[in-house]
Amino acid sequence: MPPKKSKVLKTNVSKSKLTKDKKSSDIVSKKNSDSNKESGESSTEQVIESVKVSEESIKKRTKVTEKEVNNETVKNSKGAVKNSVANPVKESVSKNKRKANGNDEPVAKKAKTENKPIINRTDTNLNEIYFDCDKLNTEGMKYNLKISTWNVSGIRAVIKKNGMDYIVKENADIVALQETKCNTNKLPSEIKVPGYHHYYADSKKAGYCGVALYTKEKPINVKYGLNNSKFDEEGRLITAEYPNFFLLNVYVPNAGAKLITLPKRLEWNEKFKLYVKELDKKKPVIICGDMNVAHKEIDLTNPKTNTKNAGFTKEERDGMTDFLDQGFVDTFRMLYPDKTGAYTFWSYFANARSKNIGWRLDYFLVSERIKNKVCDNVIRSNVYGSDHCPVVLYVTL
């Protein structure tokens, strides 16, 4: 069966017919006029009659053409493309889409509710990570102690995201986790890693705070909380005593939305400072965890727009400065004082992690008298599974 003629062609044909009719009318008029001139007679009535006949012919032809166009439009409204006479460009685009698809079927439009692809990475390629440390400390010694800290933002969630594979592969001597968000009696069996002693401090409030400590060497003593203060019910601190040092795994209170819990945060700062100073009198101290503060402008992407937001208020930053002035060192900034773009936390919103719009909230702080023992402090920004990434300390003790 021969293909149907394009509606655009039909329209053009109709227009051509109209043009021919009009030309015919003009010729008739001209012939009559010339004939009158040659005969010397003025045949006005004949010319008028001829014009009338021509106009009637044009009107009839126009009605037929309009009817053809309307009939063709109705037919097309039942087909795949509607009213292509009115929009021939749309017909052309539609054909191109079909050709691109490799067949004559129209390409289906994507549903408006279709999820957009995730830009932030969520998978960790452990083969991309070098887990050892070749750097020596300022005394020329290689590390003999490796400590990893990580705010997992939910231990059960990080298990589902294969986060425990990282912990096994890192093979640190001590692993400190924050925001486990799971009561001790509800901990999944997968949380236990062979070769470690496990300690947990949970919150009385379900799904809130919580810290965990994994250690290959059994500590001399393990203490939970901050001197029986009201903070102890929230599961924010585990202190482990070893022969040569104290290890503190801490999750510092957040100042909250609109700084509603800033007073609580400042109260914590004072109690924690006094607690650590007492320990430091006995042995050197290593503190690790989520401190919930970006200490300097270099420690976050947008300092100017965050001066009134939790984690970068003057009060919180001054609190960190005051703590360090008591005889403690931020090991990362000691080693990398001018390094920019070094963050440990990224919001889940606006693909912040893929754009590296972040904050450095997770730290290792050590007693000043052992700062020369530190070999390196590494941020594992390519480990996923949480809105924070792990941080690793290599030290000789």
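Note: Cβ is positioned from N, Cα and C throughout, glycine not excepted.
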Listed in TrEMBL for the Mg(2+) site shared with Asn151, Asp290, Asn292, Asp387, His388, one of Glu179, Glu190, Glu267, Glu315: Glu179
Tertiary neighbours of Asn292 (site 'Transition state stabilizer') (same chain, Cβ under 8 Å, six or more apart): Tyr251, Val252, Pro253, Asn254, Ala255, Arg265, Ala310, Gly311, Glu316, Leu361
For His388 (active site, proton acceptor), the number of other Cβ atoms found within 10 Å of its own Cβ: 23
Secondary structure at His388 (active site, proton acceptor), reduced by DSSP to three states: strand
